[in-house]
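Student: What Swiss-Prot lists as ATP binding site is LYS555. The coiled coil annotation in Swiss-Prot covers 879-945 and rests on sequence analysis. Per Swiss-Prot, motif ''HIGH' region' is recorded for 42-52. Residues or ranges marked as motif ''KMSKS' region' in Swiss-Prot: 552-556.
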Amino acid sequence: MLDKYSPAEIESKHYQNWESQGYFRPDMDLTKPSFSIQLPPPNVTGTLHMGHAFNQTIMDGLTRYYRMKGCNTAWIPGTDHAGIATQIVVERQLAAQNVSRHDLGREKFLEKVWEWKEVSGGTITQQMRRVGCSADWTREYFTMDGVRAETVTEVFVRLYEQGLIYRGKRLVNWDPVLGTAVSDLEVESMEEQGSMWHIRYPLADNPTEAVIVATTRPETLLGDAAVAVNPEDERYTHLIGKELILPLTGRTIPVIADEYVEKDFGTGCVKITPAHDFNDYEVGKRHDTRLINVFDLEAKVLANAEVFNFKGEAQPGFSLPEKYAGLDRFAARKQMVADLQEQGFLVEIKPHTLMTPKGDRTGSVIEPMLTSQWFVAMSATPNGGEPDNEFKGLSLADKAKKAVDSGAVRFIPENWVNTYNQWMNNIQDWCISRQLWWGHQIPAWYDEAGNVYVARNQAEAEKQAGKTGLTREEDVLDTWFSSALVPFSTLGWPSETDELKAFLPSNVLVTGYEIIFFWVARMIMMTTHFTGKVPFKAVYIHGIVRDHEGKKMSKSEGNVIDPVDLIDGIGLDKLLMKRTTGLRKPETAPKVEEATKKLFPEGIPSMGADALRFTMASYASLGRSVNFDFKRAEGYRNFCNKIWNATNFVLMNTENQDCGYGATAAEPRGHSFPDMWIIGRLNQTIEQVTQAYETYRFDLAAETLYSFVWNDYCDWYLELAKVQLQTGCASRQRATRHTLLRVLEAALRLLHPIIPFITEELWQTVAPMCDAKTADSIMLARFPETDGGEIVQTAFGQMTVLQDLIGAVRNLRGETGIQPNVKAPLFVESADDLADYLKYLPMMTRLTEARQVAALPESGDAPVAVCNGARLMLKVEIDKAAETARLSKEAEKLQKALDKLNAKLSKPGYTEKAPAHLVEKDKADLAELEDKMAKVQNQLAKLKD
């Protein structure tokens, strides 16, 4: 007998043992097929969220499956230094002590960051262990550790020497609060209600005539370089090439023609400010306008405009109106709008809905800013220094395109190839510099004249310069730069290691679609460029985990479910505290609290890691999003309990019994058709589950396993086994025990990749009883293989007959309202001999006996059913009046429910306006009620006959 199922107890016990025994490490036998997978490195600042739990369940499931298939298996874990995120956390801690990073200086500040990383950095990897991740922790890396730092420097220097890294003036996303450039991924577009200002720009040669320019950003007017109109817009063709007076400045700017301008948007005249708008930058580049920067790095108006050409060369500047100098951009907007109105330039202000770019860390409005940055050239051809391979001589972008076009890297689902190619065909040079302190400091040094020397260290730079006293570049690299090198920086490159031979390319990358461009594409570029190999053979793109209503999970919205809370459980009070702290809108706290109480009235009970993993596996379809339903997790907790209880039943009936193993393995075993059926179903399940794992369809694997274990094994075979163990001969009983153990042990191995803890615990007891303990751990045991010879169709046919008979008797009992505790005799009239089937019916359908007769006895009231040509009669007296009353009451209740639901669905506009999933549920409920009503009406009709 097993103790009560306690997930917490078995999880801690087994994980500790797996890790200490070294089971997660590859054996590095290069004669064996390899399976490797890279963990998308989570931020070192992070804690586990549902997205992590989702993709880590898939990754761990694959790793465990291929390990059991005998592969040399490596799942390589690591964490990302997360430049901006980490620096913000530490700066906030210092701010609480009234200290800034500038007070400390760079060196002391970085010491503080490393201290914080050592204390807090391991949280997420410990939580990964809680989920059961069988990663090789001996290979764990940090993207700023010594090995990775050397690789980053080597890659940077080589790219620079190949002409693929350069420094130049470019427009970037600038966060004025952080004081750094940020990537597109770190910018959120927020819909806001704003204004559209219509401003007069007078003609220089005729100030009484003017064009009306519509803009949402009047504060950038000081940096205007032109006004653009559509060349096909007849209203303005006569003005193309003319000069306009720029309001508030007295400067003149030209009217230019560009198809970028939409004739029907606003007034059809657009101010072009190339130094403060990405679209304007492209227009300005086409027309070779000036780049006029009017803001400093804090987004305050400069006293003197900085002017450049599109080669990044400084041009003569000019002074800006003195009254705006030093004003924050939004204060400047307010003042300038007032001045425009006062001077007669403001025509009107219209309300306008716009998308405002905001920094995801600070919430500040992102400013397109012209700054000196380091870039990786995406479309330039390297000038040598590449390894000799099929990708040699191609630009980084073309390498990444070829890898996918050739099929060397495939996307799952395939439709993501279109998204990938669309981005690759519109790729821009990659801005890799960040104005931060935490990160890989760019390996470049400057002399007093501003000459740059890129080198692996200062001594090498000084050798290049032929002098000392050089100054190191202060900027650090974009976090994605070091992340892009992970496929080979974790395997010993630039040395030719066994790890590189065995594990590059890895088999699959499991990730979300939001970082296809920022990480996936760049890994393909860097890996093909430096190794001549692709980083991975497949990219499995999974959906985003959302809440049960399909909303994005966000701490600021109060709808986050912490995976660890699902594993361990959490009381309502603590859950409410977690969900109402840090809300974006604190005033929504009562609403969040109400929703939480409704969803989790008693908090979240402990589910255990296995139930969480099975839930995640069941959601791993090829869709774009996953609506997480807590009820499903509860259902899979029950499934784990079902497996535990089924094992208990098997042990109770096999321990210290003759099971046909060991000493009695050669003794005859009289397999019944239920034995042959469940063995056949096991083999079918092995085939289906293997196919599902191989094609990354964990949802199908979970569905198949659930159906086999719960329905076939527990609900059918265990119940039939009870009959065989009570009534069968010694040979039949031996065969039944043999089958009980054999099928259970194989099922545990099939389940192990998804639910590793409970399967390990049970396998350690079950496997020795059926001579299947071939390894110290289930994770090292072989994955089951199909034996087609054991799929016996006659047994399947016999089982169908038995299931039909049992179903018919159960329906007969239900239709006539026979109480579960009432036993009755069953008489069966059939031309076929049904003796092999009838012996199972008394226990399975609560009968006193099941007897085959030449003809059914005379009985006017006894219920009769027909099943596959056989006539079945339950010999039981029925109180017609009482049964009619019961069914009539049931029909009345069903009719009320039907009327209510029909009224809801026929309400004008309901099916069009209500959420689709609610409408579908209502329609499904209606169909179910109609089916029940039809059955009740049928039973009433029979009683009247």
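Every residue gets a Cβ built from N, Cα and C, even glycine.
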Student: Where DSSP helix means H, G or I and strand means E or B, what are the helix, strand and coil counts for the motif ''HIGH' region' (42-52)?
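Tutor: Split by secondary structure, the motif ''HIGH' region' (42-52) comes out as 3 helix, 1 strand, 7 coil.
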Student: Looking at the motif ''HIGH' region' (42-52) alone, can you tell me the average pLDDT?
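Tutor: Mean pLDDT for the motif ''HIGH' region' (42-52): 86.
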Student: What is the total of other Cβ atoms whose distance to the Cβ of the residue listed as 'ATP binding site' is within 10 Å?
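Tutor: Result for the residue listed as 'ATP binding site': 15 neighbouring Cβ atoms inside 10 Å.
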Student: What residues in the same chain, six or more past the boundaries of the motif ''KMSKS' region' (552-556), come closer than 8 Å to it by Cβ-Cβ distance?
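Tutor: Result: 49-50, 544-546, 582-584, 628.
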Student: Mind checking how the motif ''KMSKS' region' (552-556) divides into helix, strand and coil residues in DSSP?
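Tutor: The counts are 2 helix, 1 strand, 2 coil.
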